Amino acid sequence: LLWLLVLALAWLGPAQVASEEPGGETEDGEVAEEQEEMDEVLSDELGEEDGVLVLHEHNFARALREHRLLLVEFYAPWCHHCQALAPQFAQAAAILRNESGEPRLAKVDAPAQPILSREFGIMAYPTLKLFRDGNRTHPVPYTGRLDAQGIVRWLQRRVGPSAVLLPDAAAAAAFIAAQEVAVVGFFQDLQGESARVFYEVAGDLVDVVFGAAEADELFKAYGLVDDTVCLFKKFDEERADLPVQQGLDAAALSRFVRVHSLQLVMEFSNETSERIFSAKIPHHMLLFINATEAAQLELRDAFREAAAPFRGQVLFVLVDVGGYGAGVLPFFRLTPADAPTLRLVKMETNRKYQMEEDAFSAPAMRAFVQAVLDGKVKPRLQSAEPPEDWDTKPVKVLVGKTFEQVAFDETKNVFVKFYAPWCSHCKEMAAAWEELGERYKDHKDIVIAEMDATANEMENITIHGYPTLHYFPAGPGRKMIEYKSNRDVESFSKFLENGGTLPEEPPVVRSNPMCPREAPA
């Protein structure tokens, strides 16, 4: 998802004012056209585009009345992620209408509908919310995948029961046998609070099938005494149990299912990549191999052996440098010739860790992973080489090796743009940043700089989206101020002239889109 900072929204007025004929008279045709547009906006009629309802302030209530389940996308026309979602959203609408006619999909142009945007707290695009039974005050946030099948499956779980009732041992055995992964909740009271939480989580995790049981014979058949959630799978240890003690926690259940539905060692592929990242396991240990070489394939057994003690803490991932994994090699500054090699990534900060010398025995890999978890290994920070002319132009070009000496120079106020070469929003503000550099090139105490944050890393600064702007004021203390206002030269200048803050002004409409840290596929 592309998360945006939207600090204020303002009403956008009628589209166009009719042109006037000489003498001040307005063309009748244009007056009529404008009136028709105004009537359309003010009407509560429900229009459609590609099978998706088009909603605004005046027809939103009607849509809620007429559709028991309504999934609404709040989008911005200029948002690239919204544009990518549009055909998937339309396809999902078509699938749902062909299958059952319920639920319906709708969309709202959020910047053009500020009243609705404020009412529903829209702070990022796209944002999807499900409205059930006309309830306007408590919509359900969408938590599924942003593709047609993901949308359909997420909604289907909300049309009917999210878990299949298993009345006896034969039904349970057939249900489990039919699935690669199946989650069964054994509850002595299916009307109780723990069962309610189970059904709620089942509605969110649409990539796994859920069953529910309360019959005594099923507790006996699976060796259970107390309420328990069991995950059955056709790989690794084949079964994992989550005892339900003093109630079932939704977050704990979600994590249990996400972690244990993954194989102990995941092979990185187009089919598995989303599951790998959505599992939210804090560390990933990667073994890069060339799958065409038998000697490198043999390393998989030791890698699997090393993985066992770290399930839930560290996800072990096998990356074929000659296959789908080739696309991630630049992120690690690797080439196919570097295989076999190991890297550990701390997902929250994107920090990468590397052995002093690769050792592929299970004990060596376990010791390395444990040392990283214990904080005994420093990350390997990547850096490009500084260009020869890095400090001769108005905008200075920083790399990891030169960042510290420039940004924390106590005699300079340094304003840095952290960007990604592929980021469209970075490209859109590039001209403004160059103009800012020209404006301040003769100021001895102000430095305008930029750094490719995809090729360079810093020890104590993590960049989560692009572009990110940080101001490092002169003086001791290594201070850093994030700039979050408008991305234009005049705003930048006011910020610099005011010592790293913006003077108080009346609220303005701000739209500061950012690209996510990961490059688009």
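Cβ from N, Cα, C; glycine included.
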Residue among CYS82, CYS230 that, according to TrEMBL, closes a disulfide with CYS79: CYS82
Listed range which TrEMBL flags as region 'Disordered', given the options 126-147, 478-499, 500-521: 500-521
Disulfide-bonded residues listed as CYS79, CYS82, least Cβ neighbours within 10 Å: CYS79
Whole-number mean of pLDDT values that fall within the domain 'Thioredoxin' (356-501): 93
Per-state residue totals over the domain 'Thioredoxin' (356-501) - DSSP helix, strand, coil: 46 helix, 28 strand, 72 coil
